Amino acid sequence: MLAKGKPLVLEKVRDFVQAMAKGGPVKDELEAKKSAPKTNTTTSNSNSTAVSKEKVGVEKEPKKEVEKEGKKGFKTITMSEKFNCRAKDMYEILMDENRWKGFTQSNARISKEVGGQFSIFDGSVTGINLELQEGKLIAQRWRFGNWPDGIDSTVRLVFNEPEPGVTIIKLTHSDVPEEDRYGNATVVENTERGWRDLIFNKIRAVFGFGI
């Protein structure tokens, strides 16, 4: 048994020594473990990147829908009114805060300078003077307090005096929103009625300029 077993034992010992010289079986296991996590990490990163891309896509969609829903329509109001007075008299009435207080029975603050601000109907309407030509033109930016934020309209009042003592005012009120901030779709109708009943007809009644 010694004669036969000794060569086998020596061969095993030689194989073991050679294996230990290369790092042994433990090194093989460590290398296997090191290579395995790399594959998993790459897969995990790919998965997380794909998930993050999906999340980004999901977040962007609702914003587009909100923008579409928040967009409202606009209208332009045009009127032509005749008064039994001089054009300069009508101009002064519309640009004088004390006369505004008189025929509207409400507080008013009106600047007579281009770029100046105004506030009428107890602050319900505010704006800025864009262009002023005495007896000829009043151009202003108007905003009502119940309109959605960031929305302004443009008012142009052109004065014509075809004959002495007769004045025709042509009103163009553009960019009037169809709905107010509460969703009421009566803005255009109320604005047109306000010009006719609360401004033009009141001026006729109070100052005697009716025809």
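Backbone N, Cα and C define each Cβ position, glycine as well.
TrEMBL annotations: computationally assigned, not manually curated.
Now, the feature entries from TrEMBL:
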| type | residues | note |
| --- | --- | --- |
| REGION | 24-70 | region 'Disordered' |
| COMPBIAS | 25-34 | compositional bias 'Basic and acidic residues' |
| COMPBIAS | 37-51 | compositional bias 'Low complexity' |
| COMPBIAS | 52-70 | compositional bias 'Basic and acidic residues' |
| DOMAIN | 87-207 | domain 'Activator of Hsp90 ATPase homologue 1/2-like C-terminal' |
Model confidence over the domain 'Activator of Hsp90 ATPase homologue 1/2-like C-terminal' (87-207) (mean pLDDT, whole number): 96
Under DSSP, the domain 'Activator of Hsp90 ATPase homologue 1/2-like C-terminal' (87-207) has how many residues in helix, strand and coil? 38 helix, 46 strand, 37 coil
